[in-house]
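The block underneath contains the structure these notes are about, expressed in structure tokens.
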Amino acid sequence: MATVNVNRSVTDIFYRYKMPRLQAKVEGKGNGIKTVLVNMAEVARAIGRPATYPTKYFGCELGAQTLFDHKNERFVVNGSHDVNKLQDLLDGFIRKFVLCPECDNPETNLTVSAKNQTISQSCKACGFHGLLKVNHKVNTFIVKNPPSLNPAAQGSSLTEGKRSRKQKQKNDNADGSMTNNSLANNSGGESDGGNGTNQASQTEAEISAAIPEKTAKDDDDEGWSVDVSKEAIRARLQDLTDGAKGMTISDDYDKTEKERIDIFYELVKDKRDKKQLDDVQTHKELVIEAERLDIINKAPLVLAELLFTENIIKDVQKNRPLLLRFTLNNPKAQRYLIGGVEQTVELHKGILMSKVAGIFKLFYDLDILDEAVILEWAQKVSKRHVSKNIAAEIHEKAMPFVLWLKNAEEESSESEEEEDDESEEDNYVSSAGQRGGQRVVQRGIPRAVAGDEDDEDDVNIDDI
């Protein structure tokens, strides 16, 4: 089997850390098509990670569901995927979750703290130990399925481990009771009277001695339980810095995009109802939440739905600072904002359809939408956000402003060309004058003086 370096940035053929080249096979057709990772188990053993981790990483990166069958060592990613692309994704996983950040060696272990919901990485080669700095959707999966967990339980839940511990405890209790019964039978053959009572009291005494009494200290420890309600979590997030908020691990990563958009929708709606959207701190909080939910580009679509009414002109002017936080230097977010504007126009068609050109000009004048984004949008009628008829009508109403933009662009380009031509002519004239001056200097005398010398030469000839 062909092998490659675990760290593929190392080209040394004698590099000691090798792994099998990933093999994939596409099975099925239509909606049931899937990519089977044939040798994922061998690859996982070579890099020292459970096979579920890179498989889940593929699913997060490709937006596909994953299936695990530990008994048959079968790992599947839904959809048809090229093996070379999967190998590149595997390199990304190794870079983020396997290689040591200090020495780049793959001799590392991951340790999960279920209490703190953190992942630590330790290196056997250089001794490095620290928190994993990578913030990825697969982090949540790793926290729920730590490396120390039985591989067959990974991908399901921790309940199996708890269930096995309870079963073991039950078996131990059963063994203990059987031992006590045998002791009672052995000693109980002599007498059935007071001896039985003494044996029962003796057994109770042994059980009481085995179970430690509760102390005040134990009661104090029980009072330190963590409140995991939504209000408590939101309060703790408020105490974090902006950078730490983006690094927190949340179960929201496992939710679909629609569910994450709904979470952001409810947050914006709550801030709007409480009239907090004028606060700069609220703007920062919304941006951080959108980044955490990985919907920063689609957030303007939510803002348009909640903030724009039939008085969209005033709404845009009022909420310009908030809109700029999402659309500034972000063409994708601007395109989704245009989609939100289209939906608003469709909702208030009788009032806003005739004002479309002015609405787009307002967005342009306030620097919320860039010229290039508007011109790109105008090239094609799309029914992504509204019906095709409404989209075509909006494009038609916006055409005067689009033509104005195009003409302004052409005029600016023509004026720039004219300025360039004039500057070239000026440079040519000045250079010609300089060249003429140089010729006079080279002759060493002004033109009039040269004429006088010619006259003097004529006189001298006549005299001769």
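A Cβ is built for glycine as well, from the same backbone N, Cα and C atoms used for every other residue.
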| task | Annotation phosphoserine in Swiss-Prot: match it to one of Ser9, Ser229, please. | result | Ser9
| task | Check the candidates Ser164, Ser415, Ser423 against Swiss-Prot and report the one noted as phosphoserine. | result | Ser415
| said: Among Ser191, Ser412, which is the one flagged in Swiss-Prot as phosphoserine? | reply: Ser412
| note | Expressed in Å to no decimal places, the gap between the Cα atoms of Lys29 (GTP binding site) and Ser9 (phosphoserine) is 36
| request: Calculate the distance in Å between the alpha carbons (Cα) of Ile33 (GTP binding site) and Ser9 (phosphoserine), and round it to a whole number. | output: 33
| What does DSSP assign Ile33 (GTP binding site), in three states? | coil
| In the same chain, outside Gly28, Lys29, Gly30, Asn31, Gly32, Ile33, Lys34, Thr35, whose C-beta lies within 8 angstroms of the Cβ mean position for the GTP site? | Val26, Glu27, Asn78, Gly79, Ser80
| task | Please report how many Å separate the Cα atom of Asn31 (GTP binding site) from that of Ser9 (phosphoserine), as a whole number. | result | 37
